[in-house]
């Protein structure tokens, strides 16, 4: 019988051994589990084939020998140790009453007992001790419905290091109101207000159709037909339909590539092309929709003004009447929009029905015979000769042309984005946007073609409207001009003088005259203009609100706030109202329409380019469910949109492009902290990969040599001066990699790497960061040298900070430090060692308090482990922290006109000269005077100086001052010699005090020790370093930076203590930073062209 455990232990695992038994080892436990699994499979198979055995196995369900699963949906049939036969219940387990002692029942988080929506449960794993989670939708969703609790996938750290019995709570979704409400609290769940959501018909198709059927259809399409003729008008309509259809396909593809949120066109473009282009198009599209409100309201006001004129009613004058009516209308529409999306949707349905009735009324009117009044205005029903007459163009006015008519008509096709602009209010945007948008384009294009063809077959271009302009006889044409002469009407006088007030070319209300009942056309005009204006009035604030929430631009965050269950942008409505009112005051439809054409065309171009770019980048994340599109059609749509922009109004197109370039430059400079997985990121990866592969096929050339640096910074914030020094000559020039070597017990997580990268980015350092685990610094640095980089983008220079504590640190660490320099030379890399008087490492140790109540569930495990390992019970922890992001180092300050001294004592290929040259290209170092110091004999000092000056001139480095140091071979002063000997004293081998065998053994055990033989061999080199120290103190005490050739010795021949003593004596008590540089003895500079 299994021992009964506490309820807490029952939640986490099932007892696998009886009391008093010894805990089996890990290997024996695995063997036991395998045997039990084999036995269990045999038992289970037999039970399935034999009903009697199955019934026996099921037995009494409440037997104490049967351990109950955590999940109530599974019933344990029989238990064999940790293995069980379980049966899935047909209905959820009954909740125990208050009196029953049922024990704790909550499932293990993230484990097999995790319940799904609707009560079904994921199949549990075979082992009850696992907290592995079955696949779950909510693990991938960024938010959950109101009233639900967001589930969290257990991290790898939790899976690998969780102690037996540990339970991790589910994470409430911070982005969802009342996310702590559970399914067991239906009253609280019901209290959460559900926002209004629309389907593809009312949300997209009707909305798009209403926005397309705007003022242009009723008031300008007959006039455009008169100007361009039926043939070219059809071409204009089909060209517009082609652009909108291709754009509709691209919208459909983008909107089905993941969950679409609020923001419409801005959201689609910004999440596809990134914040740079997305932000600019968000501004333009919001502005275009605000102006479109004015265009449609002005169309409505023109109709009202014409009605008033028919009854001889004038408020002030015709132009001001348009302004008055327009302002009143936009105020009423503002009230409807502010009332909420539900009221706005109801109003749109009413408008749609009115337009349908007006269409029926118009087409019925074209079939009716013309009355005398209608014929005086140019209507004669369907006539073949009228159709042929109106088939070709008849341009009126100096500015009339095909593209002028196109610019006036095209805004009527821009309504295809009306549905996408309210993407946040759709039930399923991925279904609604493609279906509704494409059907709206199809039906509206048919209606435009039908209206153009029918009105062009029924109405003359010019008519007087006078009942007295009839001919006495149909055959008495005489000097009569125009096609009306064939039908008994003489409009010659007004045609000759250009004073005709009726006909398609003169009267914007032609459709109303043709219809069977003109008030219905007026109602249709009202419905079309008001619905389009209302749609734009809703679209502009919602797009702008999404843009403001992303905070890409300054001073617009005020408009990000939403109100109510639909998060209505009331502040955005107010801004749109102000802009629309301003453009309504223009009161001229033909002036307003071309203004917004370029804005919408630019939006279409970027939408199509988004689709094309996302396709050609081959990103695995580009998986649209809408398949009926082509990357080439998307590219065609983008190109044709740009071409049309410039053909319509070239100066307006230039203004739009200029606005986009300025906004792109601003966002690129500010680099907002957003990551949307855009296709630009995928394209950047593709380009980098392609160029890296192509670079491997190109042989290195000295003209293209760049110091590609591996900087052993540790955590970059610990050594900011070292980072800034290398960044000063590599930024925008070459590769920089910050390397960190950690011990096996201190492996940092991904979050630590992200923090270091953020620190580098905050300081505008263009560098990679890599971390490696090793037993010691030397082996880790060697591994970094071997594996860092990609193809030709591999480090050729190793940069490290000077070991300031080499005299107090262990001799083994000293030996490893010098070994890094030798390893770098073994890897054919140059070496740079930077020393600063105050030191390189600015890290400090602090004691931080961590409150476990504020830890997230995934960090709870790590915190608990640290708490158990810590001797203190207060939750305090010791941390090592580095410099702040804004800390300024010497290499970030302006050096003004100080000297930059280069001691080019040994030829290393030119790296010692190249790095100072790259420094002087920076603004902070550009005013520094570079002095090159060389060694020479006194006899030929002038000759040597001229030779080096000539060489520097051929190198074109701009270094003009060369200083010869003939005294470098002089004996150093005794005080300096004594200082050097004191440095070496702790590391002397002292052979005279030991026998030869002990000396040889000590040399092997402590290779860093300096023998008398070593001092004799390197006596001249040591004296040279001591003398250089005196020269540096004399010449470079006040310099901005000293660059010195790094001494090189045979590997394994020079003790590490002696080598470090040279570097120490060279740089001791030197105020400016000193960089010891030695190239790999291969050319880094050349004065040849090939």
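Using N, Cα and C of the backbone, Cβ positions are placed for all residues, glycine too.
Under the heading compositional bias 'Basic and acidic residues', TrEMBL lists 1-25. Per TrEMBL, the feature region 'Disordered' maps to 1-71, 85-127, 161-188. The compositional bias 'Low complexity' feature in TrEMBL is assigned to 37-49. Residues annotated as compositional bias 'Basic residues' in TrEMBL: 85-96. Residues or ranges marked as domain 'Amino acid permease N-terminal' by TrEMBL: 130-160. Per TrEMBL, transmembrane segment is recorded for 198-219, 231-254, 281-301, 322-341, 347-368, 402-420, 440-460, 570-589, 595-616, 636-669. According to TrEMBL, the domain 'Amino acid permease/ SLC12A' annotation covers 203-710. What TrEMBL records for 719-855, 886-1089 is domain 'SLC12A transporter C-terminal'.
Within the chain carrying the transmembrane segment (570-589), a Cβ under 8 angstroms from the stretch's Cβ atoms is held by residues 215, 219-220, 286-287, 289-291, 293-295, 297-299, 301-302, 319-320, 322-323, 326-327, 330-331, 334, 337-338, 537, 540-542, 544-545, 548, 558-559, 561-563, 595, all 6 or more beyond its ends.
Remark: the transmembrane segment (636-669) contacts the transmembrane segment (281-301), by the rule of 3 or more CB pairs under 8 A. For the transmembrane segment (322-341), the residues of the chain that approach it from at least six positions outside its boundaries are 196, 198, 293-294, 297-298, 300-302, 304-305, 315-316, 347, 422, 425, 530, 533-534, 537-538, 564, 566, 568, 570, 573, 577, 580-581, 584-585, 587, judged by C-beta separation under 8 angstroms.
When each of 231-254, 281-301, 440-460 is scored by its Cβ pairs under 8 Å to the transmembrane segment (347-368), the top-ranked stretch turns out to be 440-460. The largest share of C-beta pairs under 8 angstroms with the transmembrane segment (281-301) comes from 198-219, of the ranges 198-219, 402-420, 440-460.
Secondary structure of the domain 'SLC12A transporter C-terminal' (719-855) per DSSP (helix as H, G, I; strand as E, B; remaining residues coil): 57 helix, 32 strand, 48 coil.
Outside the transmembrane segment (440-460) by six or more residues, the chain places 204-205, 208-209, 212-213, 217, 221-222, 224-225, 229-230, 233-234, 237-238, 241, 244-245, 248, 359, 362-363, 366, 378-384, 386-387, 389-391, 412-413, 415-416, 419, 482-484, 491, 503-504, 510-511, 513-514 with a CB less than 8 A from a CB of the stretch. Under 8 Å from some Cβ of the transmembrane segment (402-420) lie the Cβ atoms of residues 203-205, 207-217, 220-221, 224, 227-228, 232-233, 236-237, 239-241, 243-244, 247-248, 251, 255, 264-265, 268, 285, 288, 292, 295, 393, 426, 429, 432-433, 436-437, 440-441, 444, 448, 532, 535-536, 539, 590, 593-594, 596-597, 600-601, 603, 644, 647-649, all in the same chain and six or more residues away from its ends.
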